[in-house]
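The block underneath contains the structure these notes are about, expressed in structure tokens.
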Amino acid sequence: MNGTEGPYFNVPMVNTTGIVRSPYEYPQYYLVSPAAYAALGAYMFFLILVGFPINFLTLYVTLEHKKLRTPLNYILLNLAVADLFMVFGGFTTTMYTSMHGYFVLGRLGCNLEGFFATLGGEIGLWSLVVLAIERWVVVCKPISNFRFGENHAIMGLVFTWIMAASCAVPPLVGWSRYIPEGMQCSCGVDYYTRAEGFNNESFVVYMFVCHFLIPLIVVFFCYGRLLCAVKEAAAAQQESETTQRAEREVTRMVVIMVIGFLVCWLPYASVAWYIFTNQGSEFGPLFMTIPAFFAKSSSIYNPAIYICMNKQFRNCMITTLCCGKNPFEEEEGASTTASKTEASSVSSSSVSPA
């Protein structure tokens, strides 16, 4: 066991005070200083302040501009919805509880916060997987005469919600459970204990394999094949400056997408697996809190990578924010026209995140 276990909680083992109090009833300032809880609350406020506008704006701009309502963009809207789930279901709750220094909302609140935060995170995770598959299918054309349409896009959305629910619902019905984690003011899946009757061992293995390793393999495979296809298309044309520039742009986008995926999920999954496989080892409350920051901050950098990097989305956002006029339209239009001719086969429009 990695700490002091109580009814539906587990206080981390590294606790120099020797005090153990229920995180549902008492402030946990004996674990870390009140300043750390204030910093956590401020960080959550920052995520809300930035994450809500950029994700809400994504939905609003798509509704306002008909040209954005294409099947390939459906998954990006799904990603924005997932981020809003995390903002309202996770960040607001954590900000409120961190101001009190413990999970003041009780056991029911812990279940709700853990569920919505996990659901939003998993929808986001599987949206990135579906996004990679869609780009691979559209660019690499592994299926001849296949035309990606609205029905395929809707199937992709349904798939993300099914996979997310298959991860977020089981802890509510007895396969594992949601408990306060890290600094004890936010809730997540129980990686810490092997509590009798909850089958935590099998659920953690299931989560690690089906909701981390498999998505990771799929993302690497799809983007790896996509890069190969882009390089082959570039090699088949004359090695002109425009072709090389388009190839570099696509490569840069793919690398950023993969790095964003790893930054989001690798720290959290690695630490959770370490805690689970090293029962009895000592770790402090910050050991699990800090990796969770990376996963939570995806609500900001996912839109930046997958939406703001896309010229069409970016131009429409600027037009909306500037009351119907884009002051940068001429510059971007000129640069787009200059690079369209010879680089059409490696055009980033099929690869970029929209």
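Each residue, glycine too, has its Cβ placed from N, Cα and C.
Record features, source Swiss-Prot:
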- 1-36: topological domain 'Extracellular' (TOPO_DOM)
- N2: N-linked glycosylation site (CARBOHYD)
- N15: N-linked glycosylation site (CARBOHYD)
- 62-73: topological domain 'Cytoplasmic' (TOPO_DOM)
- 97-110: topological domain 'Extracellular' (TOPO_DOM)
- C110-C187: disulfide bond (DISULFID)
- 134-152: topological domain 'Cytoplasmic' (TOPO_DOM)
- 174-202: topological domain 'Extracellular' (TOPO_DOM)
- 225-252: topological domain 'Cytoplasmic' (TOPO_DOM)
- 275-286: topological domain 'Extracellular' (TOPO_DOM)
- K296: N6-(retinylidene)lysine (MOD_RES)
- 309-354: topological domain 'Cytoplasmic' (TOPO_DOM)
- C322: S-palmitoyl cysteine (LIPID)
- C323: S-palmitoyl cysteine (LIPID)
- 332-354: region 'Disordered' (REGION)
- 334-354: compositional bias 'Low complexity' (COMPBIAS)
Inside 10 Å of the Cβ of C322 (S-palmitoyl cysteine), count up the other Cβ atoms and send me the figure.
12
State the residues, same chain only, that lie 6 or more residues beyond the ends of the topological domain 'Cytoplasmic' (62-73) and have a CB under 8 A from a CB inside it; answer 'none' if no residue qualifies.
134, 138, 148-150, 152-153, 312-313, 316, 319-320, 354
Quick one: pull the CA-CA distance for C323 (S-palmitoyl cysteine) versus K296 (N6-(retinylidene)lysine), whole Å only.
32
Among the recorded positions listed here (C110, C187, C323), identify the one with the smallest other-Cβ count within 10 Å.
C323
Cα-Cα separation of the residue listed as 'N6-(retinylidene)lysine' and C110 (disulfide bond), in Å?
17
Using Cα coordinates, what distance in whole Å links C110 (disulfide bond) and C322 (S-palmitoyl cysteine)?
41
With a Cβ cut-off under 8 Å, give me the same-chain residues at least six positions beyond the ends of the topological domain 'Extracellular' (97-110) that come close to it.
8, 23-29, 34, 37-38, 40-41, 44, 178-180, 183-187
For C322 (S-palmitoyl cysteine): DSSP state (helix, strand, coil):
coil
What else in the chain is close to the topological domain 'Cytoplasmic' (134-152), if you only count residues 6 or more beyond its ends and a Cβ gap under 8 Å?
71-72, 74-75, 221-223, 225-226, 229-230, 350-351
What residues elsewhere in the chain lie close to the topological domain 'Extracellular' (174-202), defined as a C-beta under 8 angstroms and at least 6 residues from its ends?
1-3, 5, 8-11, 23-24, 28, 31-32, 36-37, 40, 90, 93-94, 97-98, 100-103, 110-111, 113-115, 117-118, 272-273, 275-276, 279, 285-289, 292
Pop the Cα-Cα gap between C322 (S-palmitoyl cysteine) and C187 (disulfide bond) into the table, whole Å please.
40
Neighbouring C-beta atoms (10 Å sphere around the C-beta of the residue listed as 'N6-(retinylidene)lysine'):
24
